[in-house]
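The next block holds one structure in the form of structure tokens; read it before the comments.
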């Protein structure tokens, strides 16, 4: 009387038709990407720490590379200027020619990079005259006077005295950082100033090759250098100007620098140069071409120096530029004594050591500064100054491509 028997349950099912539970994770093998539990989270944390460490090492290596890049051009142009001044005593004319070379090279590199990498509609930033005179003018004028007076001093002083006196620029950078409220005043900064000033005094005390006129010129250049790098840092941190990369900054600074230095050239070198047989009233064309070639090499070195300086100050700060330059100055002093025969007494070397101590103390104070206090360093997070040329155009292109993607 009953119907046909029910079909047998599928294999692996429970009585009543309920499906059997999946095999326990203990009996199954681990997935190919590894365990999913706590061990996986620990692995991800470990890889995260290694990634952050690798990023920190990479950033540090980048800064060291920028410093070495700056060292090569800075030491090279220092000895070049001293060498050229022995046969061509027109430092202001030389500086003006260097400014022209820098302007042309910056313009060519700027135009070439934008044409090769940017969109056709993209244009290099050009400032209106009002913003140019108000924002760029002061930095350009102080830079022109700093460079011009520095080159002028090579007519009178040795490389060692120039190098040591120029290191006092950190005092003026610190002073103007306080004036522009880029740093907060602290009592320990007085000790830094005292050590650096005492070191400069000992270095120049009874120096065998001391020259007052040259010392005054380079000291004035150091004062102007404090203004120069403080204003340059402020200029680079103003995103609305669009001068975040060094090529654009150099391109905009050179015309104002040329105009600011030209009156000094006319007053002090205009008449002597017009009657000089080295350039205007030349007799040997080969000697003239040789001189122009030497001046052009200086322009290339000046372009490399300016590019490396702006690159370093954009990545760190104007104060860090002077601090990193201390070790460069040690190399310069050693080379000056070996290659040029500069005479330094034991007291002079002691003064240099005291100056180094003052600068090292300043580095330590910055390293131990509590977080939240003002600093002259640019921000390091989302608002960090980008150094790669055309970086902002590339980001805009990527955003537009993402918006157009379905």
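Easy rule for this one: first residue shown is 1, then count along the chain.
Quick reminder: no glycine exception, Cβ is built from N, Cα and C everywhere.
Quick look at what TrEMBL annotates:
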COMPBIAS  1-24  compositional bias 'Pro residues'
REGION    1-43  region 'Disordered'
TRANSMEM  50-73  transmembrane segment
DOMAIN    65-361  domain 'Sugar phosphate transporter'
TRANSMEM  88-109  transmembrane segment
TRANSMEM  155-179  transmembrane segment
TRANSMEM  191-208  transmembrane segment
TRANSMEM  214-236  transmembrane segment
TRANSMEM  256-274  transmembrane segment
TRANSMEM  286-307  transmembrane segment
TRANSMEM  346-365  transmembrane segment
REGION    371-406  region 'Disordered'
COMPBIAS  372-394  compositional bias 'Basic and acidic residues'
COMPBIAS  395-406  compositional bias 'Acidic residues'
Quiz item: Among 155-179, 191-208, 214-236, 256-274, 286-307, which stretch has the highest count of C-beta pairs below 8 Å with the transmembrane segment (346-365)?
Solution: 191-208
Self-check item: Leading stretch by Cβ pairs under 8 Å, where the reference is the transmembrane segment (50-73) and the options are 155-179, 191-208, 214-236, 256-274, 286-307
Solution: 286-307
Self-check item: Contact set, same chain, for the transmembrane segment (155-179): CB under 8 Å, 6 or more residues outside the stretch
Solution: 78-79, 82, 85, 89, 91, 185, 189, 192-193, 196-197, 200, 203-204, 207, 209-211, 213-215, 217-219, 221-223, 225-227, 229-230, 318-319, 322-323, 325-326, 329, 332-333, 335-337, 340, 342, 344, 348, 351-352, 355, 359, 362, 376
Exercise. Mind checking which residues of the chain, 6+ beyond the ends of the transmembrane segment (256-274), have their Cβ under 8 Å from one of its Cβ atoms?
Key: 90, 92-93, 95-96, 99-100, 103, 132, 136-137, 140-141, 143-145, 147-148, 280
